[in-house]
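What Swiss-Prot annotates here:
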type     : residues : note
ACT_SITE : Glu47    : active site
ACT_SITE : Lys127   : active site
ACT_SITE : Cys172   : active site
DOMAIN   : 5-276    : domain 'CN hydrolase'
Amino acid sequence: MTRQMILAVGQQGPIARAETREQVVVRLLDMLTKAASRGANFIVFPELALTTFFPRWHFTDEAELDSFYETEMPGPVVRPLFEKAAELGIGFNLGYAELVVEGGVKRRFNTSILVDKSGKIVGKYRKIHLPGHKEYEAYRPFQHLEKRYFEPGDLGFPVYDVDAAKMGMFICNDRRWPEAWRVMGLRGAEIICGGYNTPTHNPPVPQHDHLTSFHHLLSMQAGSYQNGAWSAAAGKVGMEENCMLLGHSCIVAPTGEIVALTTTLEDEVITAAVDLDRCRELREHIFNFKQHRQPQHYGLIAEL
């Protein structure tokens, strides 16, 4: 018997710096409801989905910086999203900035959670591959200070049972790193999902700008194919505070084929019928890890 589900991606248009969380949650609720009306069992939302992409600014006021982080999840403003998910019977993946205090010390993470159809958090991931830089760089038209505002994740690349599927998460830059995909593939992930905020202009290497979409889709397609997993990527897209963000949110089959792709630079929902048993086609006949992998030759990957 095949295990079928409808997978959705909820792409976000720009979020202005002045836009409130309440306004953003209304938009997320609208996409959640649209996905459920199309029969979706699960929807993927973007990285840092509750605010504008604040690492593009250099903050000197710690209180102002803290205002972009969540200290509890769900908090009062975000709780309606969890309640609506439980009402409609649809799970979701949500990215946000997380602030925790341990031993009197503030710790900040770029975080993503998995929520099941009952509205319960069943998984958490903290972004490991942080891009960008740590200090202000005057030549840039916008900053990319993730290394300043977050520490690398400390949870590894876990895989969780979410309703009927085994799911793993990436956040933005993680999707470019094959090690992330392979760890989740080895752990049996059937769906690998996450969000991104990807500028179409990269100031250090502007000669790559025309390849931004190509590299994004290449990473998603190769990751899915080489690990025999479905994947889904949800972008925050369009012109956000004078920074153009990449579109092309997508759903990819274990064969590497794109089965759904957004066509706008605004809030948009895409869906695809997903047969989880198709993962076996790749894992049994092409990438049979137990039969073909030779890990004794891979040590350099972790040593350097």
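Even glycines carry a Cβ here, placed using N, Cα and C.
DSSP assigns Cys172 (active site) to a helix in the three-state reduction. Each residue contributes its Cα atom, and for Glu47 (active site) and Lys127 (active site) these two points are 10 Å apart. Taking the domain 'CN hydrolase' (5-276) as a whole, pLDDT averages 99 in the prediction. Each residue contributes its Cα atom, and for Lys127 (active site) and Cys172 (active site) those atoms are 8 Å apart.
Residue environment of Cys172 (active site) contains 27 other Cβ atoms, counted within 10 Å of its Cβ in all protein chains. Cβ neighbour count for Lys127 (active site) (all protein chains, 10 Å cutoff from its Cβ): 27. Classification of Glu47 (active site) by DSSP places it in coil, neither helical nor stranded. Cβ neighbour count for Glu47 (active site) (all protein chains, 10 Å cutoff from its Cβ): 28.
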